[in-house]
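**Q** What TrEMBL records for this protein is below:
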- 245, 287, 288, 289, 290, 387: pyridoxal 5'-phosphate binding site (BINDING)
- 290, 327, 331, 359, 387: substrate binding site (BINDING)
- 37-293: domain 'Orn/DAP/Arg decarboxylase 2 N-terminal' (DOMAIN)
- 63: N6-(pyridoxal phosphate)lysine (MOD_RES)
Ligand SMILES: Cc1ncc(COP(=O)(O)O)c(C=O)c1O
């Protein structure tokens with residue numbers, strides 16, 4: 001089982017608070033974060049960089065979980081963020097996040113989004129494709145504004161992960177392909193612009209990756225490419241962004257390296273390869289999302305109905321599901337759940353933890369060993385902090401849950417529970 005904290009009565013603790021007390025105060029479904037755990041992960045990554053004596057930036061990939069409170073925590077930890085939409089950028093702005101520490105990603109940024117990013121003077125625009133390059137060149141010229149950019153490259157490396165979260169292979173919707181020469185063409189275009197400043201390059205090979213091998217191949221390919229570009233165009237990257245993708249433990253089947261350990265290995269590879277090509281030290285950036293917030297998130301649900309048919313695995317239904325966590329339905333993501341007031345209870349049976357949404361595919365966990373659960377019991381699904389709330393929907397017109405941050409035994413509501421009134425807020429009558 002994932003490591004969790006319990007008190008002497010076997011109650012699940014989150015940030016030092018009993019999960020069942022949080023439920024009493026905030027009801028369910030409830031998304032909770034152990035903020036101390038988020039900080040600890042960030043600090044462990046910083047330490048690896050400090051020990052490697054490399055210039056660096058850690059950029060939290062905020063698509064994993066983007067709210068004002070989260071951006072405030074990231075700001076307190078003095079790291080960067082990357083955003084992928086005007087909405088994330090707006091949220092960061094409302095959180096007073098320093099815009100020079102923002103990178104703007106996305107494979108189809110609208111003109112309005114690009115203008116917004118230029119108005120706000122974000123630190124880096126990560127340019128993804130030729131259309132964007134043309135638009136940005138034009139925009140920067142019209143505005144006579146210098147714009148710092150990073151080119152997103154596709155290194156032609158497939159990560160060992162679900163196809164939906166692989167991004168580094170040549171046949172990907174993201175980035176300029178290195179192998180076909182697209183990346184070099186993009187660099188030439190960008191360098192020809194009087195207003196674009198090409199600060200560096202970016203790769204991201206996928207998400208929930210456990211093995212070093214894919215990263216190693218990608219890093220070597222990227223640095224070899226940079227060595228070629230120095231020869232061909234006398235170009236030197238000031239920033240080398242290795243992306244995110246560090247895997248986390250969702251179930252006992254997962255055995256990821258600690259992100260700090262993985263980072264250490266990657267930095268060793270970077271150093272050796274920079275040396276091999278006699279490349280100057282660049283600032284090494286990483287963009288972890290899942291590994292920063294994933295393990296720190298716990299979703300608390302109340303058990304409702306059960307369906308039991310002789311010879312079949314029981315369905316135990318909770319008061320949330322695919323609306324607050326689409327990942328199991330979207331790409332068969334697996335999770336672990338525990339009974340919140342008896343984490344180490346003896347297992348009585350294996351159940352399917354089902355959601356309340358009107359889809360047969362709304363099963364949060366297909367196979368969860370559990371004690372006998374009763375209506376009203378609280379279960380906690382572990383490691384839900386990444387791509388859970390940020391992908392939440394109002395499917396079936398269910399309100400989205402509240403989010404609570406817990407740190408040093410204190411809980412703070414950071415996203416209110418939606419109300420039915422919120423659900424119809426944007427609706428307009430067709431007929432009066
Ligand atoms: C460009 C980019 N950077 C970083 C990330 C974060 O990945 P992860 O959450 O797996 O660390 C993603 C996620 O898909 C991404 O697309």
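Note: Cβ is positioned from N, Cα and C throughout, glycine not excepted.
Remember, TrEMBL labels are computer predictions, not curated facts.
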**Q** Where ligand 1 binds, which of the binding-site residues 245, 288, 359 are close by, with Cβ under 6 Å?
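**A** Near ligand 1, sequence order: 245, 288.
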**Q** Including all protein chains displayed, how many Cβ atoms other than that of residue 327 (substrate binding site) lie within 10 Å of its Cβ?
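**A** Result for residue 327 (substrate binding site): 21 other Cβ atoms within 10 Å.
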**Q** Check the DSSP secondary structure of residue 290 (pyridoxal 5'-phosphate binding site), expressed as helix, strand or coil.
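**A** In the DSSP reduction, residue 290 (pyridoxal 5'-phosphate binding site) maps to helix.
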**Q** Whole-number answer please: how many Å between the C-alpha atoms of residue 289 (pyridoxal 5'-phosphate binding site) and residue 331 (substrate binding site)?
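**A** That separation, Cα to Cα, works out to 18 Å.
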**Q** Restricting to the same chain and to sequence separations of six or more, state which residues have a Cβ under 8 Å from that of residue 359 (substrate binding site).
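**A** Residues satisfying the criterion: 322, 329.
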**Q** Average the per-residue pLDDT over the domain 'Orn/DAP/Arg decarboxylase 2 N-terminal' (37-293) and send me the rounded value.
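**A** Its mean pLDDT is 95.
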**Q** Consider each pair of residues in 290, 327, 331, 359, 387, all listed by the record as binding substrate, and report the largest Cα separation in Å as a whole number.
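**A** It comes out at 26 Å between the most distant Cα atoms.
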**Q** For the C-alpha pair, I'd like the distance in angstrom between residue 245 (pyridoxal 5'-phosphate binding site) and residue 331 (substrate binding site), rounded off.
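**A** Cα-Cα distance, residue 245 (pyridoxal 5'-phosphate binding site) to residue 331 (substrate binding site): 16 Å.
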